[in-house]
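Q: Structure below; questions to follow.
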Amino acid sequence: MWGVVVSVFSVLGLFCFSLLMFGSNGLSFFWLFLELATLCVIPLFFCLGDDDSMLSGLFNYIVVSSISSSLLLCGILSGELLYLLILGLLLKFGLFPFWGWVYKVTLGSNWMVVWSISTFLKSPVFFFPFLLSCGGYDLVSYVCCLTFIGLGVLFWLYSFSWYACWCHMMLSSSAALVIMSFSLSSEVLAFVFFIYFIWCSGVIYFFYVYEDFMLGGIGYYFWFCFLLVSMPVSFSIFYKLVMVVGIFSCGFIVVGCWVLYSISEQFYLLKFLMSYILPKSSGGYVLSV
């Protein structure tokens, strides 16, 4: 009961501070509300367990949040420290090469923490064009391309659990949202983010239910295909189509890198679905490929 109360207040705090970011009348207030939203995630680490891995994930989360917060503040206070602002944003969103902490935190937490990081803490993506209006787009573009390529490889090398698999998918979506924020209007980006929010919530809830109750059979495979496999009449292909339409405005190289990642992801998921040697009711763990 106590865990439910803490979760509700933490999510409410995330929601309120995320909204207040958009209503802030200065960069200092934007930074303040962003950090308050970041702090609201901490109680969620204690909702579904208190083992050593959770403490490790919490420690990594606090350290990275503190470092990225300091870098962002330095970049906001001084225009000459633009590179620190860029580093802080890349670290905050877990883009290449700063994605290691995302895996550490995700593997050492629970699905409530993962959902919060994957949804509400991605809302600052709308401020990328404003924060980097003085420069840095080319660097961010290259970083996003490297992120897509690296995640496509990691899907086959580092997918021993659904937590790790979701990290790949979430980070690729983060990179896509970041690069699209420079070329799409605020209204279109808001629509793309809304679709991502729904898809993300559905996938994480699916992973949570499967992990806790070890569901299998026709129902499990239906939702797996509907949410994750890009096949006709699935929500996954609708999400991919929305993303590719947005990414198409970012340039050929970005589109190519995103397509390579998507092919790698879908091949992995299809192999999991069809292979007889892969476990399909192992409590959420992918043991071999």
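Just so you know, the numbers here start at 1 and follow the chain as drawn.
Heads up, the Cβ atoms here are built off N, Cα and C, so glycines get one too.
Just lifted these from TrEMBL, have a look:
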- 6-22: transmembrane segment (TRANSMEM)
- 29-46: transmembrane segment (TRANSMEM)
- 58-77: transmembrane segment (TRANSMEM)
- 82-101: transmembrane segment (TRANSMEM)
- 113-132: transmembrane segment (TRANSMEM)
- 139-157: transmembrane segment (TRANSMEM)
- 163-182: transmembrane segment (TRANSMEM)
- 189-208: transmembrane segment (TRANSMEM)
- 220-239: transmembrane segment (TRANSMEM)
- 244-264: transmembrane segment (TRANSMEM)
Q: Should anything in the same chain at least six residues away from the transmembrane segment (29-46) have a Cβ under 8 Å from its Cβ atoms, list it; otherwise answer none.
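A: Same-chain contacts beyond the flanks: 3, 6-7, 9-11, 13-14, 17-18, 20-21, 54, 57-58, 61-62, 65, 69, 72-73, 76, 109-110, 112-113, 116-117, 120-121, 124, 127.
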Q: For the transmembrane segment (82-101) and the transmembrane segment (244-264), check the count of CB pairs under 8 Å (sequence separation 6 or more) and say whether it reaches 3 or more.
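A: No, since the transmembrane segment (82-101) and the transmembrane segment (244-264) share fewer than 3 Cβ pairs closer than 8 Å, they do not count as touching.
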Q: Hey, which bits of the same chain come close to the transmembrane segment (6-22), Cβ under 8 Å, at least six residues off its ends?
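A: For the transmembrane segment (6-22), the sequence-distant neighbours (Cβ-Cβ under 8 Å, at least 6 residues beyond its ends) are 29-30, 33-34, 36-37, 40-41, 43-44, 46-47, 112, 116, 120-121, 123-124, 126-127.
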Q: Are there residues at least six beyond either end of the transmembrane segment (58-77) with Cβ under 8 Å to its Cβ atoms? List them, or say none.
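A: 27-28, 31, 34-35, 38-39, 41-42, 45, 83-89, 91-92, 101, 104-105, 108-109, 113, 131.
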